[in-house]
Amino acid sequence: MSSKLVLVLNCGSSSLKFAIIDAANGEEHISGLAECFNLPEARIKWKMDGAKQEAALGAGSAHSEALHFIVNTILAQKPELSAQLTAIGHRIVHGGERFIQSAIIDDDVVKGIENSIPFAPLHNPAHLIGIREALKEFPQLTQKNVAVFDTAFHQTMPEESYLYALPYSLYQDHAIRRYGAHGTSHYYVSREAAKLLDKPVDQLNVITCHLGNGGSVSAIRNGQCVDTSMGLTPLEGLVMGTRSGDIDPAIVFHLHDALGMSVAQINTLLTKESGLLGLTGVTSDCRYVEDNYREKADSRRAMDVYCHRLAKYIGSYSALMEGRLDAVIFTGGIGENAAMVRELSLKKLALLGFEVDHERNLAARFGHGGVITTDTSRPAIVIPTNEELVIAQDAARLTA
């Protein structure tokens, strides 16, 4: 069988996640993370053949040095993998309205990613660096780089979901609307849910909850996204690790006018100092909140606000299911591991027919998925996400 090996790159502002995946069978040959870019402690960790390795990249290193290390040090240990690479898949956070599906990267696609920088100012510039460096390091794959957009899956939303009640000219002239994020994850777990529920995708009605340091909920009706909680940017919606999610917009004016905060300070407050971090005053880590829920007021406060918001979104999205909700899906680092978040949130949704099975819920953690509700309940299911596999499969499909 011909090789379907794909290098998957996910470039953040200060990190680079990478993997080599066989798109045909999902086997992961190498996976790793380069982090702490532009700092003295810049380093890279990777796993190959079951063995974990780590190395310093050198003070001030960033994407360029990391990719150079991947090619000339890591892949040099297994030259046959390099030789079998058929494509490179790039995760792109924001594709604006233009990209409704993955695309082979050319000058026009690069321009489209550049045009979406205002909506993802930290992520899209990093993705462009990753694309440029990949083209440099893998000249033989120049026509085989594929962009996979987090926003693409949400482009099926109807106008009533994506428009804000602002002057319509802001949408017409400046593309200000809801875009959503985590689309690749919502797509993957909804397709896995269809298999588990033995339903055709185009007849599947589910609400998917991707809960990690960032979090979003999507309403998926007949296999297509009809609403999602993140908005123009990934700040809207759920309580997150350091992001506020939904607030009264007038709080921004109050912080500026009454408290004398600058726009930059307010931006930092809402994106980096709020969420679980803001509510606990200690940490953005959900594990701390879960572990200390019964003993510490800060943890109880944070957990209760988090689950209240999540349950509200699930409840409101059930109204979009046209009378039939097949299941609620949990995924992402918190969704897959925080049994307490799932139990407390679903407890608020008894009206929708959810009843958690305590033992099943505890069992569905640390890489184990499955149904977490009782046999008579409407199903809630934990499905570990695999965005890298979707990126690899899209890259292989488009470059075949």
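Cβ coordinates come from backbone N, Cα and C, glycine included.
Record features (Swiss-Prot):
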- Asp150: active site, proton donor/acceptor (ACT_SITE)
- Asn10, Glu387: Mg(2+) binding site (BINDING)
- Lys17, His210, Leu211, Gly212, Asn213, Gly214, Asp285, Cys286, Arg287, Gly333, Ile334, Gly335, Glu336, Asn337: ATP binding site (BINDING)
- Arg91: substrate binding site (BINDING)
- His182: site 'Transition state stabilizer' (SITE)
- Arg243: site 'Transition state stabilizer' (SITE)
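Here the Cα atom of Glu387 (Mg(2+) binding site) is found 10 Å from that of Asp150 (active site, proton donor/acceptor). By the criterion of other Cβ atoms within 10 Å of the residue's own Cβ, the least surrounded of the recorded positions Lys17, His182, Arg243 is Lys17. Around Leu211 (ATP binding site), taking its Cβ as the centre, 27 other Cβ atoms fall within 10 Å, counting all chains. His182 (site 'Transition state stabilizer') falls within neither a helix nor a strand when secondary structure is assigned with DSSP, and so counts as coil. Checking each of the recorded positions Asn10, Arg91, Asp150, His182, Arg243 against Glu336 (ATP binding site) by C-alpha distance, the shortest gap belongs to His182. When the CA atoms are compared, no binding-site residues among the candidates Asn10, Lys17, Asp285, Arg287, Ile334 lie within 10 A of Arg243 (site 'Transition state stabilizer'). Close to the residue listed as 'substrate binding site' in the fold, though at least 6 residues off in sequence, lie Val8, Leu9, Asn10, Cys11, His127, Val148, Asp150, Thr184, Glu387, Ile391, each with a CB less than 8 Å from its CB.
In this record, ATP is bound by Lys17, His210, Leu211, Gly212, Asn213, Gly214, Asp285, Cys286, Arg287, Gly333, Ile334, Gly335, Glu336, Asn337; the longest C-alpha to C-alpha distance in that set is 23 Å.
Across the structure, His182 (site 'Transition state stabilizer') and Leu211 (ATP binding site) place their CA atoms 10 angstrom apart. For Ile334 (ATP binding site), the same-chain residues 6+ apart in sequence whose C-beta sits under 8 angstroms from its C-beta are Leu211, Gly212, Gly215, Cys286, Val341. For Arg287 (ATP binding site), the same-chain residues lying six or more positions away in sequence with a CB closer than 8 A to its CB are Ala338. DSSP classifies Leu211 (ATP binding site) as strand under the three-state reduction.
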